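These come from TrEMBL:
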type	residues	note
DOMAIN	23-282	domain 'NADH:quinone oxidoreductase/Mrp antiporter transmembrane'
TRANSMEM	57-79	transmembrane segment
TRANSMEM	91-115	transmembrane segment
TRANSMEM	151-170	transmembrane segment
TRANSMEM	233-253	transmembrane segment
TRANSMEM	273-293	transmembrane segment
DOMAIN	289-342	domain 'NADH dehydrogenase subunit 2 C-terminal'
TRANSMEM	325-346	transmembrane segment
Amino acid sequence: MNPYILATLLFGLGLGTTITLTSSHWLLAWMGLEMNTLAIIPLMAQHHHPRAVEASTKYFLTQAAAAAMLLFATTWNAWLTGQWDIFQLVHPIPATMITLALALKVGLAPLHAWLPEVLQGLDLTTGLLLSTWQKIAPFALFLQLQPAVPSLLIVLGLLSILVGGWGGLNQTQLRKILAYSSIAHLGWMILVLAFSPSLSLLTLLIYFMMTCSIFLTLKLNKAFNINSLSTSWAKSPVLTALTPPILLSLGGLPPLTGFAPKWFILHEMTKQLLVANATLAALSALLSLFFYLRLSYAMTLTSAPNNILGTLPWRLPTAQTTLPLALFTILTICLLPLVPALLVLFSV
């Protein structure tokens, strides 16, 4: 892609997110979300592959439906209250519609079906943008709406954790597995949003670190399905040894960084006397842990095909910058002792 066009599109992404983050007016927030959508679609379709065009079309239609629903709900709310302020949600029906529209924007269950299909059609760099940056603006609106319908947020959170774990069990494509992982992690954030917004924000930050680490690892290995992971030992043995801790951190195992947000969220849910919900979330997390262990097994305990028909991929020195990967890998594996300090920082 032309660097000037790429810079313009990335500027549009940043500007759309900034407008939504700084707005207190529903029309401005809606405009920021639309700028985000329109800026990322050319990035999604840049390879002119039929699968990429299909993913771009699905993403556009889904986001357009969510935007229309959001605009209708905010107009209804303005008609009821006489103002467009984001914090003025007094009627439960517009509040519920806005929550569902934002859930469709980010891919929360049961409005999640588009996310695995769209992510499967993208290259890993654009998929990383879709899994991280595109979540910021809708999540900022979720943070401002969190007192409106707490019971709906709990239902969406539990359902997303369950669907994210259950849906990834029978997948062989890594991008679909990461899409279901994204759904499950978003469920954890939404589950605790009504009780501790700072904890939800911390979970989002740690999810971004872990997701950047695993996407950059797969990009360096040029891995797109589980079978291709078995050749990673020959390509980069050190990175292959570090990838299972990254995957297990995504699964939430101690003493890795991903354990902290899940532990704090379960603790917060127990304090709110929602023991049954906390138990269901913890048991559903075991489903996600299974396919992370499956990927770890494929990388470390299986060997590449060595018969005549199983040819190894051609290997050349990578041109990818490895500094971001090294930074995110260290944070994903070793940040656990500093997480309480980060939680205090986010609570201030």
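One-based numbering along the chain as shown.
Every residue, even glycine, has its Cβ placed from backbone N, Cα and C.
TrEMBL labels come from automatic prediction, so no person has curated them.
Sequence-distant residue pairs (6 or more apart) of the transmembrane segment (233-253) and the transmembrane segment (325-346) include at least 3 whose Cβ atoms are under 8 Å, placing the two stretches in contact. On the 0 to 100 pLDDT scale, the domain 'NADH dehydrogenase subunit 2 C-terminal' (289-342) averages 77 in the predicted structure.
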